[in-house]
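Read through the structure below, which is laid out as structure tokens, and then see the notes.
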Amino acid sequence: MVATDILKISILGKESIHCGIHLIPYIVSTVLETLPASTYVLVTDTNVASFHLSTFEAEFKEAIQKVSAETKPRFIPFIIPPGETSKSREGKAQIEDFLLLNKCTRDTVMLALGGGVIGDLVGFVAATFMRGVRLCQIPTTLLAMVDSSVGGKTAIDTPHGKNLIGAFWQPEYTFIDAAFLETLPTREFSNGMAEVVKTAAIWSDKEFADLETRSSEIFAAIQTPSSNNSGRTLSTRSEAQQLLLSIVVGSISVKAHIVTIDERETGLRNLVNFGHTIGHAIEAVLTPAILHGECVSIGILYEAEVARQLGILNQVAIGRLARCLKAYNLPISVTDPRIASLPAAKLLTVERLLDIMKVDKKNSGSQKKIVLLSRIGKTYEEKASDVSDQIIAKILSDAVKVIPGVPSKDPVRMATPGSKSISNRALVLAALGKGTCRLKNLLHSDDTQVMMTALLDLKGASFEWEDEGETLVVNGGAGALSVPEQGKEIYLGNAGTAARFLTTVCTLVQKSSSAQPSTTVVTGNARMKQRPIGPLVDALRSNGSQVEYLESQGCLPLSITPAGLKGGKIQLAASVSSQYVSSILLCAPYAAEPVTLELTGGQVISQPYIDMTLAMMKTFGVAVVRQVDPVTKKLLDVYHIPKGTYVNPAEYSIESDASSATYPLAIAAITGTSCTIANIGSSSLQGDARFAKEVLEPMGCQVVQSENETTVKGPPIGQLKALGLIDMEPMTDAFLTASVLAAVAANQPKAGRELQDSDAKNVTRIVGIANQRVKECNRIKAMIDELAKFGIQTKELNDGLEIYGKPISELATGVSVHCYDDHRVAMAFSVLASVVRETVIEEKRCVDKTWPNWWDDLENKIGLKVDGVDLASPSDAEASFKGSPSKSPSASVVIVGMRGSGKTFIGQLAAATLQWPFVDADFYFVEKHKVEVRAFVQQNGWPAFREAETHILRELLERYPTGHILSLGGGIVETAAARETLKSYAKHGQVVHIVREIDEVVRYLGEESSRPAYGEPIADVFRRREPWFAECCNYEFVNHTGVISSSLGDDTPIAKKPTASIRGEIARFFGHITGQYPNLAANVGSDKRSYFLSLTFPDITPALIHVDELAVGVDAIELRVDLLRAPQDKDAYGPYIPPNSHVVTQIAAIRRTTSLPIVFTVRTTSQGGSFPDDAEDEAFSLFDLATRMGVEYIDIEISWSQKRIRDLNSRKGHSLLIASWHDWSGKMAWDSALTKDKYDLAASLGDIVKLVGKANSLEDNLRLHDFVSRVNSVPGSKPIIAINMGVEGQLSRILNTTFSPVTHPLLPNKAAPGQLSFAQIQSALHLIGQLPSQRFFLFGNPITTSMSPTLHNAAFSALNLPYTYEYLETDDVGQIIRAAVVAPDFGGASVTIPFKLDIIPLMDSLSPEAQIIGAVNTIIPITQEDGSRVLHGDNTDWIAIRECIRSRLPTSVLLPEAALVIGAGGTSRAAVFALHKLGSKRIYVYNRTRSKAQILVDAFPQIRIEVIDALGAWPANAPPPSVIVSTVPASATSTDPSASNTLLLSPSLFASDKGGVVLDVAYKPALTPLLSLAASTASAKGWVAVQGLEMLLEQGYVQIERWTGRRCPKAVVSKTVWAKYEDVISKD
């Protein structure tokens, strides 16, 4: 045997864990010598095999040759695909079949070579094969070494969760070879370090401290490959190898000890699941994109926060955990950019995570169990503890809600965390100092974490923890600094203080002769890259330092060349940030020459912070002299800093944070309670300590402040006084707290504080805070924007803002506050939330910057309840294919466009559809300014009008943020200010551009006179504004009234055909983009099948006359954009990019003829289409166009840039993405890991998955079906379109349930080989028993002359359904009907007179409409989950009446001012309900028996109904009706005054000059007296007559859809019914 030094670890009484380096020869010899067998089977995956299999094969071959036995053992390797998908029932069976095929017996030894997947899977096979065979674990990843390979747990995954089926099966040996880690990717190493950190956290404070401080050395150990098997023996083992091995061995030893005590996980072994309860739930959603250890890392932090929330663990420990995990490049929150950028991240809802946690092996019943830390190295219990869902939900939630009330801990006494400002200065001073300094009360937050990490990277100091983390021991480096290691950047997140301080610190780095990197790179997150650092860099450059900008001028990232700081005279502009000054002051003693720092540029900002720096420098041994004017004795902005080295004091106690103290003090002020803050008083170094005396006391609070303590008692709630003028320059960070208090300070200021230039008594004017625009966000703007949500008026000033206070009762409730990732914004608004109901604070974790446990302290120390709020919609996570919103569904819609484009008409119809108020900005302008627009422009000029118009825009958005349609003037885009306002609004709301062809606009404007003339050609105005409209809007509504017809020519049939109702298209578009009524295919994601028709025309418009026939049975229409050809390119062949304008015209044409959803597809040549593969920019331009036009589904190939797909996903609104992949090669195997990877990628990118292969045999379809079954069995799986192309693949199209693409005989060609028509699929489904025959009935008496059977049977025939519709005439609702509705083949029924009421007792449920109307005309059988059926009663009469009217209302009638119903029977109730839903403002009812009319009125108390005593006699000053519905028999009416016993109809019924619609529900005779009168006297006025048969058709169309889930083929059915009807009428 080759000489090998081994460390052995005992587990379960046996030294079976052998650890070392380069162990393969040792492993082979040990196995062969101690585990004799006939067969050794090594199972690995393709990745590991490429590195190590050949070595194992060679060693086994050589060793077996030396075996003396006559029959030598076999060595058989078996390679499986890598990844979690192999760890399945199928994967296990595949290995077992291999073993059986190779005649392996019970004496076989299995070797699991690989990561956790291999170990778990092969271990489970070993546990069950031949009832158990011997096993050796040979883990190759750090995660497997320290976790899954130790302890004997084996398992496979199921669709219901990870590791749910398995066994405990202890290996004979576990071989830990640290050399395997040399080939491990860095990310995988970090993945394993999560488990190492976890183990140390629960078991050993010392081990944890080593991990905290030695991350760089540990990473270096795996990045230093060994050669010639060095490290196999102790004599050849390097220090780095020894460190790495010791880390691994230490972690394994802890787990081995725990397993020995509790092998079967009954208590103690639970401890190794710290971080796993939450981590596993996150992993279940994010796998495979995010690794196990990365998810556990997040779980560690979140479960530690659970312990903190319960008062068990302090923030110090959480800060240490966070720092340590981040040191190994691990995420600690789901907001980490690596996670937040994933589409699957939106699925991380609290509800879903809690649901996943239910299936956890640690649970006891429904009670969830979590391992709780009490300190680093110690758990609260020696087992997992019970934790309520409420606590977990609060931690997981991304937002919080403070429950208003009086703090229960009143009077409050507390201390705030250490000052961020002092903590950062102390860290720099102690690191640069000589000797050891113990820092007490250090702030444990994001900012200090990045500062410490940066100082470690610069090798400027080392850190240790004492007192369980309460004390940080800093071993100063006396100014010796080095450039970070190759490839390592100083990453500072959004920590502004650290960025400013460290920029100068990095200039102190001296040149080194070693081969180290040449520069230090300082960088941060996106916001940090916007924050200014230019003045500091300018000063350093002027002093000779080499500092370069790597991206934007004046901002991070920076590249700093090591050369030391020259010193001498330095001039610095200090009017933007005092941190620039402190940065140079802190580093100046280490310059080559003494420094004279002269501050220039006007008033120095935040002088108290500079004074703080000077005082602290003095404590650390360097005294700075500030120059004094010898004449005036005034202090000058010139500082003299001597050369020197800081001498670290033995101990330095950091003051509590005065800025943070403002929040609990402000809560006392606003709630009328008392709060005392310790360690903050008049002697504080911090300017914000003045907040209590200078802000709260003038507002009416009682303030007592000693040197080290501050107490505030607030006035009674609602009695705060406005401040008048206050200069907050000495305490700029506290202005946010002052602002929220000022919002409710409605009482006049104290005497002497009133503003002299304002009569208002509720004004607080805050000045001196200009620097707050360049903090974590533009804080002044943030406060203005967020206070506006509460209804608080503000005014922005050059260096501050004004706030106009209101009584608390007048503030808007239910506000969601956006925090801009700014801790100060979040904590300030939590103060306001303590008195304003239902206030939600978003981005709760941004407080981690300065007070990570603020929300816990708010509840536990102040006594205000805090609830978690999950901002993600459950529908968004669990069923995004249903159309979950990515914008607030109640956000107001802003309409823009040229004057004359139809904004008012479209806006008012949209408002009627959404039942929202409509606001016209022009009318609002006139109302406010008391002058017409034209007159205003004449008096004041265009510039003044544009300014006033922009102000109106902002006012409208503030006043009507939700639930309104806001129509703006055509010139609103003329000013940059207005455009910026619109663009900002479009980020969370809808801005719709109404697009109309210029000729129509010109024609309209030639007739319009209420607005001022342009003074230039309209076409020029149009061209100027067009790009501005496009820039400002996120949606476009195409109001093309003539372009399509004119482009076709007058002789084209479509040009003469009546277009689909513009009202219907407006309803569809605005209902969809707002999310109020998403126009999505209802069958997708349900238990019904869904289809889309693939249009293959190069130009859609000539075929639109046939759309009704083409689209029979389908749920959507696919527009193959790549197949379109513009008229000028109609003969183009090969790859082609259609012009956007042509695509717009095509979509608009489809919208004129059908309301079916559109599937927008741009198929590339490599995936079977005509779009160029390399035209990604053009493709995404088309996708953007689709989202802007409100297209419902967008097919996007997963081969495009994932970043661009995710960006599109964030902007898609209520449209859905179909993530698709097509493989034309015929090599795609549905049972392969590659196909599953494609599925996982598509599922992460889209709302619907589409995978298309090519079948070579029938079996390929069966494998596809199995694949779909597997992925669909996973809870929360997304709908999948999975089909095989080619004739052999047609079976897959028949079996596919989601959005099967279909063709039609009228199409020029099929979109893909093997495509079937809808009719063909229906026939096939019936033949294979998937579409059984059903019977439908008409219940009533008499019914033999009804047209219903003709209607429904025509529909069934057109839809190719094996259904029949029959008469069932009976005398009552008796046994015959009862037997029919319970028959197995009962599909549904229509109900007519006289059974619409009598049928109700047979119903199990009624629709809300049927309940209101009090009648059922439709019976729908519904199959429950358990297979039972219930009967549901509905009423479709009202829908039929509404549609008959809505589709025919003239454009002159936006909404009926008034409507008339003649009659008071059952159909009259449906008519009243329909008219109400149509938006009629008042409804007249006439009936010959007035008492019956009154009964009808009383049935609808919420609707304005008036009984009239004579037809044609309307109430005084009331408008005549523009809609008339007659529900009485035709025989009961007459236009002949001499007719007896009839209702006389007169022309006065049609008094409305705007025209209208008259519907007579009687359909015999064809022309009733009412319709005859309308035709003879009212048609000239624009009245449209509707026959009763149309109502029968409309209600039948709805019934068909309710029964079958398919839209009724209206054209075919209508034609058949009318032909039958005319035949019957002609015979009467």
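Note that Cβ sites are derived from N, Cα and C of the backbone, with glycine treated the same way.
Database features, via TrEMBL:
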ACT_SITE  Glu265  active site, proton acceptor
ACT_SITE  His280  active site, proton acceptor
ACT_SITE  Cys846  active site, for EPSP synthase activity
ACT_SITE  His1222  active site, proton acceptor
ACT_SITE  Lys1250  active site, schiff-base intermediate with substrate
BINDING   45-47, 84-87, 115-117, Asp120, 140-141, Lys162, 180-183, Asn191  NAD(+) binding site
BINDING   Glu195, His276, His292  Zn(2+) binding site
DOMAIN    78-190  domain '3-dehydroquinate synthase N-terminal'
DOMAIN    1458-1508  domain 'Quinate/shikimate 5-dehydrogenase/glutamyl-tRNA reductase'
DOMAIN    1588-1617  domain 'SDH C-terminal'
REGION    1-389  region '3-dehydroquinate synthase'
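Here the features listed in TrEMBL are placed on the structure.
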residue : record                                               : Cβ neighbours (10 Å)
Asp45   : NAD(+) binding site                                  : 22
Glu84   : NAD(+) binding site                                  : 20
Lys87   : NAD(+) binding site                                  : 23
Val117  : NAD(+) binding site                                  : 25
Leu181  : NAD(+) binding site                                  : 22
Glu195  : Zn(2+) binding site                                  : 27
His276  : Zn(2+) binding site                                  : 25
His280  : active site, proton acceptor                         : 24
His292  : Zn(2+) binding site                                  : 25
Lys1250 : active site, schiff-base intermediate with substrate : 24
Long-range Cβ contacts under 8 Å made by the domain 'SDH C-terminal' (1588-1617), restricted to residues 6 or more beyond its ends, are 1082-1083, 1086, 1088-1089, 1108-1109, 1111-1115, 1156, 1336, 1347-1348, 1350-1352, 1354-1355, 1358-1359, 1361, 1363, 1387-1388, 1390, 1417-1418, 1420, 1434, 1436-1437, 1439-1441, 1443-1444, 1559-1564, 1566, 1568
Can you figure out which of His276, His292, Cys846, His1222 (the recorded positions) comes closest in space to Thr141 (NAD(+) binding site), comparing Cα atoms?
-> His292
Least Cβ-crowded entry, counting other Cβ within 10 Å, from the recorded positions listed as Asn191, His1222 = His1222
Of the recorded positions listed as Glu195, His292, Cys846, His1222, Lys1250, the one whose CA lies nearest the CA of Val117 (NAD(+) binding site) | His292
Anything within 10 Å of His292 (Zn(2+) binding site)? Look among the recorded positions Lys87, Cys846, His1222, Lys1250, comparing CA atoms, and list what you find.
-> none
Just counting, how many other CB atoms are there within 10 A of the CB of Cys846 (active site, for EPSP synthase activity)?
-> 23
If one measures from the C-alpha of Leu181 (NAD(+) binding site) to the C-alpha of Glu195 (Zn(2+) binding site), what distance in angstrom results, rounded to a whole number?
-> 15
Across the domain 'SDH C-terminal' (1588-1617), DSSP labelling yields 25 helix, 0 strand, 5 coil
Reported in the order helix, strand, coil, what are the DSSP residue counts of the domain 'Quinate/shikimate 5-dehydrogenase/glutamyl-tRNA reductase' (1458-1508)?
-> 23 helix, 13 strand, 15 coil
Considering only the recorded positions Glu195, His280, His1222, Lys1250, which residue has the minimal Cα-Cα separation from Glu84 (NAD(+) binding site)?
-> His280
Expressed in Å to no decimal places, the gap between the Cα atoms of Lys1250 (active site, schiff-base intermediate with substrate) and Asn191 (NAD(+) binding site) is 32
Given the recorded positions Glu195, His276, His280, Cys846, His1222, state which is nearest to Lys87 (NAD(+) binding site) when distance is taken between Cα atoms.
-> His280
In the predicted model, what is the mean pLDDT computed over the domain 'Quinate/shikimate 5-dehydrogenase/glutamyl-tRNA reductase' (1458-1508)?
-> 92
Excluding Glu195, His276, His292, please set out which residues of the same chain place their CB within 8 Å of the center of the CB atoms of the Zn(2+) site, keeping sequence order.
-> Leu143, Asp147, Ala194, Lys198, Gly275, Gly279, His280, Gly293, Cys295, Val296, Gly299
Rounded to the nearest angstrom, how far is the Cα of His276 (Zn(2+) binding site) from the Cα of Asn191 (NAD(+) binding site)?
-> 14
Let me know how many other Cβ atoms fall within 10 Å of the Cβ of Thr141 (NAD(+) binding site).
-> 27
